[in-house]
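A short write-up of the structure that comes next.
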Amino acid sequence: MESDKSMACLNRILMNKMMFVEDKISTLKMVADYYQKEVKYDFDAVESPREAPVFRCTCRFLGYTIMTQGIGKKNPKQEAARQMLLLLSGDVETNPGPVQSRPVYYRYNDPRYTRLEKAIERRDDKIKTLIKELRRQIKNRKIYSQGMFDKLTKQISDGIKDGVGSEQMNGNLTRICDFLENTLPGLQANIQATVIDTTDKYVSLKEDIMKIVLVILLVRLLMVWKKYRASLCVILIFIFKFYGFDQKLIDLIMDLKNKIFSQGALEDTVEEVVYHPWFHTCGKIIFAVMAFLTIKKIPGKQDWDSYITRLDRIPKSIEGAKKITDYCSEYFNIANDQIKMMVLGKTKEELQRANGLYGEIQAWAQEVRQYLELDQRNKIDLDTETANRVEQLWIKGLKFKSEPLLSKEMSALVHTTLLPAKQLYEYVSCSPVKGGGPRMRPICLWLVGESGVGKTEMVYPLCIDVLREMGMIKKDDFHHQVYGRQVETEFWDGYKGQKIVIYDDAFQKKDDKTAANPEIFEVIRSCNTFPQHLHMAALHDKNTFSAAELLLYTTNDYNVKLESITFPDAFFNRMGDMAYKVSPKKEYGIETEKGNSGKTYLKLDKSKLDKTKAIDLSVYEFQKIVRDEKSDAGWIDSGSPLDYEDFAKLVCSKWKEAKQSSMNKLKFLEEYAIRAQVGSEENSEYGDCIDFVDDIAKRLQKGETLEEIEFDYASDPEMFTQYYHFKSTIKPASRWQKYKDRMDICLSDCKTYLAKKYEEIKKILAEHPILTILGMIGVALSALAMYYWFSKSLDPVEAEVAPSGDAKTVRLPRKLVEIGASGDVKTQKIVKPVVETEWHRNNKGEIEISCDECGMHRMSAFNNMTDEEFDNCTYEDLNKDQKRELAQWSTKDSWLGRFFLSRDRKNKVGIWAEVGQSGDVKTNKAQIKRVEAGAEELVTVALTQGCSDDAAHNLMIDVFQKNTYRMSYFRGDKRYQLGNCTFVRGWSFIMPYHFVQAVFARRLPPNTIISLSQQMSEDLMQIPLSHFFSAGVDNFYLTDNCVRLPFKNGDFRDCVMVNLHSRMCTPHRDLVRHFILTSDQGKLKGSFSGAMATFHVNNMGLYRVYNWLNAVRPCDKKIEIFHPEDGFEYPEESYIQRDCYEYNAPTRTGDCGSIIGLYNKYLERKIIGMHIAGNDAEEHGYACPLTQECLETAFSALVNKNKKNISSQFYYEIPNMVDPLGDSSVPEGKFYALGKSSIRVGQAVNSSIIPSRIYGKLSVPTMKPALLKPTILNNKVHNPLLSGLKKCGVDTAVLSDDEVLSASQDVCRVMLNQYNKNLNKTKYQRILTYEEAIRGTQDDEFMCAINRTTSPGFPYAQMKRNAPGKQQWMGFGEEFDFTSNYALALRKDVEQLIEDCASGKISNVIFVDTLKDERRDIAKVNVGKTRVFSAGPQHFVVAFRQYFLPFAAWLMHNRISNEVAVGTNVYSSDWERIAKRLKTKGSHVIAGDFGNFDGSLVAQILWAIFWEIFVVWLKQFIDIENSEGKRILCICLGLWSHLVHSVHIYEDNVYMWTHSQPSGNPFTVIINCLYNSIIMRLSWIRVMEKFQPRLKSMKWFNEYVALITYGDDNVLNIDAKVVEWFNQINISEVMTEMRHEYTDEAKTGDIVKSRKLEDIFFLKRKFRFSPELQRHVAPLKIEVIYEMLNWSRRSIDPDEILMSNIETAFREVVYHGKEEYDKLRSAVLALKVPQELPENPQILTYNQYLHDIEYLADPLYDF
């Protein structure tokens, strides 16, 4: 019997009830192989009366027997196999019914068409049915977690054979489907195109060859006949024809003709043609051609050589041609002027003056005529810009009037137009917009504050902010748009309509009844809507009105005493509306006594200001005050204080409201005035009757009065009736009508004049035919020749409709502009604000459009359609106006938009087609068949849709892009993809919990590496599986680094948070603030558009993908999510998830873990959850909901699990000067790009090291200065900086937590022991003050002052300073500066850094990568190896010394005994102590040399140093459980983070290291020593685990090994009992496993297990016992001593450095013994003075040097 599990797998294989001919037998064979059974077939011939043979097949399998018969060509074996499969699958229905097929088309009853169509149908149906059925078999109808686990079934479990065959078959069928659907049609089309193209080329080539042969024969004949010119002409004609120049010429002429006709050029006047710039250019070309032709006629030989020779003489070929062209251009200009004078009838002077003036005059007159209309004049009262333009018309007219040489007609036009232009000018002067009517009530802003708070200083920035709101944004507007009013001067001299008036120190004059303060009453007049007529001293400035819109008063006292006005509230009502008390913030103020009153006030302390800012606006705060007569002060505070930014926004908002209110009132008054009139100006009270006008005028002239005339008219009833009608209808001609009539006459005369000139020109051209022909031909030829020059600017853009692959029609590359959102920063489109409009039906049923933002209100273009037409119309039925309205104004939220969308969804008609993908579900891009149309131009322009939410889009392409990773792991050599994870804060990321379940189901070993990758950065982070969970037999348990996220009811979400702190993981930016709040979830009603950032994998590697999500909506029901059917055993087949988000999206396997963001500009926070599942069949996706509250709860849970998880609260923030969207270039390796800096750093390119005067005299140089700039090496540009940085981005090892913990705890024990009994431990268990961190404690040699001569770091080094190094901020010489502005600014930066670290913010510390200017071996310099030094910023150095320097001093005071040699004086007895320690375990010693030590540092060990060593030290004097202790721990953690994951800059590229520590930090050597001790203990553990597991603990390491470290140098003394295993060879091997290069220090090439103490070097010094001193001494390498004499440094006197080096060399060579001393002494004394040495050096005797060493009697020995 087969197992139930096997039968279930078989049933899944046999679910498909229909198999095809090709697969029947093979499928049954596969089933048989699965059951390890055989299928037996028996064939028998059956007697049949038919002519065709009949066979019977008997199929036996698993006890079943099937018999089938086959006739003729039918295969009974296949039929038997099919029926056997049907029997096994339980299908008893052998006839499923008829199959629907395509109907046959009618083709004129021709049987051939019928047979052809049937054959095509059979072929198509066969392919379609095959593809359809194959896809149906493998189609998945359940919801699966998309974590890429369903692709792992084929290779993993040998014991589980269930479903292997089916999965292989499904995979093959999938590939067949993809091939049939994609590859095959393309191959067929390409083959057909290739064949056709090849055939065409062959035919074309054949024709071309025939043509060439014929031309060659013809030319040969002409040459035989000696017709050389004719043969040359034939060749030229053939070339012209062969390359299609003839057709091109015809096309150019036709295009030019079409464009001329289309542009209406024939309607241009002759004058316009004459003045056209092309006419000028064409004429020059014609004259040049004529000149060249004339040159050819110079007497002489006519052959080409002679022609070129002669052309060379007039003068020098090309130069001569250029000069001739210039001369011809001058002559043409003269001729052109003569033609103009002849055509226009002007003299030369008139032509020069009137050149182009007539057109300007006519345009000016037409513009004046335009503003005479009533509707245009009304605009003057509403629009300042229109008023200014009308004013300029009068000024321009005066300019035209001054022209003395205008024609009579033009002069008449100017004089006629001047009077109405003047009247318009006067109308503008009296217009309300110029101050003569109702005006805007100005905003009265009253700023009150004590003297010295800085009121005046912040006034101009405030004015600039208000002017910007007014639209005056030029940089100098604040100069002339702000008027300073001094009331004591009485007059407003200099006022030119400024919008802002400032009363500085207002109301200083006492107000008295007899001597009133004019400011008081001016406040009442100014703060009003009535026109304020200003008192001006100059006569021409009279009639000036105030146009101020903001009145700004500053004063010291808000209790203004009023005596001269009867109603004081009129003053306070105006001033109290915007009254604010100004004061500095507390942190920027200083308490100052107010006179002798005993009261104090806060005065601005200028020493606390930011010296980098000219005006620091952040120091002010503004408190609103309101009038309250009940209070003692008369005023009380209202609301909370505002900072400057909020205050400026408030003032601008108030101005905007007042401005809008003023415009509304003015508009109302104008409308009210119109309604008050009896009729319009055109329908006034009088009619037109010339008889009554003449009669009345004559009788009035005779002396009759109007009353007498009317009395006479009344005596005749019929006449009075006519007079009454005349009086009722006629109106007297207004002055504007007179102006219009007169100007119409003048314009008519002008047109008549121009027409007359046009006829004269025609007559002249007719009388001069030669000139006419020359001009026309010249223009035609010139236009043809220049057409090609202008074609690029004239031709419309042509584009290929779709890419065809044809090189002739390929689309040219263009600058890209992003229409939708692709995620690429380089093509990101700036989104313009969207104007929201509203469609609604009024009471009459008409559609109206209204927009509150722009004030638009009008009827819709759809009102001309009936209801039936409106309901049934399609987009093609709309007219031009309706389409424009629909495209420009209808949004998805408008009534009209919703109507069309809902109706067209039912009718399946798409109105909107999205050009790019914006994420809007209603505008998804329609799929369109693409057809190549040759050179067809794109006529229809698609309306594009911009990004609906710019904030969400920037979040996607910036933060999501850098915080999202793809997770994967290796099994063997194959990589398996898991899914996505996203870092939400610092080192903490979230991922679906089913990832953990799936990994556990695969039974991966704990040391399996989970890799986190991004596009172009694979395996950027590597974490062992043991970091996530510990596995049991049937279950697993999350470690302290992970926590699940629960719902409120206790159920868990499909989400787990993981903290990767202490791993090779960089801190990330904070995403938590972008997640929605729980209170926001209630707002997510309906459906939204969204997006998610994910990764896909293809043959090219990993690449980022943005999926746009449609109809994102809450899903309140529970959903069942199935684990993939991948052959692994899960704890459960499925799990339930409730309260999800559902959306429509083509998600795919591997998208799980992607963050879901909404595109909704009204939603402040955009992230709502994480993708956890999808349904491939229905294209539905599901997301786990996430909020800020649940994430914060998870962070707290992590901290409760383990105190080290306090690191989960930390995050990185990009500094302000860094643009995260900038295209940053990072060195090769594993680095994390951050962006581009606005501040660029430079590099030193010239070395300060120079050869000395005795270079090469004493020894052959073995070193030279390192390269400091890019250099060409081996024909390639070598950048030494990037080459050196590449070493810091190498892969590092992933170590076991247990072994690292064991080693680090043992190192902690050694380091914290007190070996120096003279030390007071409490002196070092404290935090230094700021002053101590800079100048030192002054009582400890290892807590000395900071080095102030070195670089201050970034960005201080880029600031302007007057002293080198850090002295600008810390002082010079013996004095330390703590009070200057620079010193205070530095202190502020240090305090801010410490505060940031305390709050969990890692930011604003950037190390500068620079090349180290030093001597290196010549071989290394020749290959470009230069060491890189990373200088830290000084504010970080100070802060780090505050918290870590005492611990470093403790280690140095206990040196040597604690394995650390830092602080050792190599000239003192310290070297003897080191030698003794290295002999305690015997004579076996090794001294290894690390290669690329800094670049190989493992972040795991660096964090172990912090947590297992330093924090243990910190706990001895700080209680980290209370708030203050927790704060100090956070500060230290933040400062340490700046080292382990340091941020660097080179040029302007900012990036982060994933591990290592920068060489320029103040703790470099100490960290390297501690690291060295830990890594050597790890080597012991691994070596002993291989050879002697019994001895792997730290007890035996300390028993058998004595270690000394100094940075990356170390020496080990190993006991003889273990040296067989723990030696140089084995240590190097295990170091390689840990990604460290550790070789023999001697570099002799001989591999030895150990050496003797006297054979090794430590710090480039040997161990030599001195019989004279009776102790071990430290002789420097002899070659180093001699090499130092070959070099000096650039300085004022390089010889002084040389003499100092000679003295040092003798003090060093003494340690080598008397023989080496004598050798050096003889060599130096042999040098000539002054040729080789500047002076005779001082050389002591050998014994004197020994004496100095014994007593350390030289500054050199003060190490």
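Note that Cβ sites are derived from N, Cα and C of the backbone, with glycine treated the same way.
Pulled from Swiss-Prot:
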type	residues	note
DOMAIN	23-90	domain 'DRBM'
COILED	113-140	coiled coil
DOMAIN	421-595	domain 'SF3 helicase'
BINDING	Gly449, Glu450, Ser451, Gly452, Val453, Gly454, Lys455, Thr456	ATP binding site
DOMAIN	950-1191	domain 'Peptidase C3'
ACT_SITE	His994	active site, for picornain 3C-like protease activity
ACT_SITE	Asp1054	active site, for picornain 3C-like protease activity
ACT_SITE	Cys1152	active site, for picornain 3C-like protease activity
DOMAIN	1483-1622	domain 'RdRp catalytic'
In this structure, which of the recorded positions Val453, Cys1152 has the fewest other Cβ atoms within 10 Å of its Cβ?
Val453
Counting across all protein chains shown, how many other Cβ atoms sit within 10 Å of the Cβ of Ser451 (ATP binding site)?
11
Which numbers of helix, strand and coil residues does DSSP report for the domain 'RdRp catalytic' (1483-1622)?
72 helix, 29 strand, 39 coil
What other residues of the same chain, not counting Gly449, Glu450, Ser451, Gly452, Val453, Gly454, Lys455, Thr456, have a CB atom within 8 A of the CB centroid of the ATP site?
Asn556, Val582, Lys603, Leu604
Using a 10 Å radius around each Cβ and counting other Cβ atoms from all shown chains, which of the recorded positions Lys455, His994 yields the largest count?
His994
Are there recorded positions among Gly449, Glu450, Asp1054 that sit within 10 Å of His994 (active site, for picornain 3C-like protease activity), Cα to Cα? If so, list them; otherwise say none.
Asp1054
Cβ packing number for Gly452 (ATP binding site), 10 Å threshold:
16
Residue with minimal Cβ packing [other Cβ atoms within 10 Å] among the binding-site residues Gly449, Gly454:
Gly454
Let me check the 10 A CB neighbour count of Glu450 (ATP binding site). How many other CB atoms are there?
17
Measuring CB to CB from Thr456 (ATP binding site), give everything in the same chain under 8 Å that is also at least six residues away in sequence.
Asp504, Thr554
C-beta crowding around Asp1054 (active site, for picornain 3C-like protease activity), within 10 angstroms:
25
Reported as an integer number of Å, what is the Cα distance between Asp1054 (active site, for picornain 3C-like protease activity) and Glu450 (ATP binding site)?
61
Measuring Cα to Cα, how many Å separate Glu450 (ATP binding site) from Cys1152 (active site, for picornain 3C-like protease activity)?
62
How far is it from Val453 (ATP binding site) to Cys1152 (active site, for picornain 3C-like protease activity), counting Cα to Cα, in Å?
58
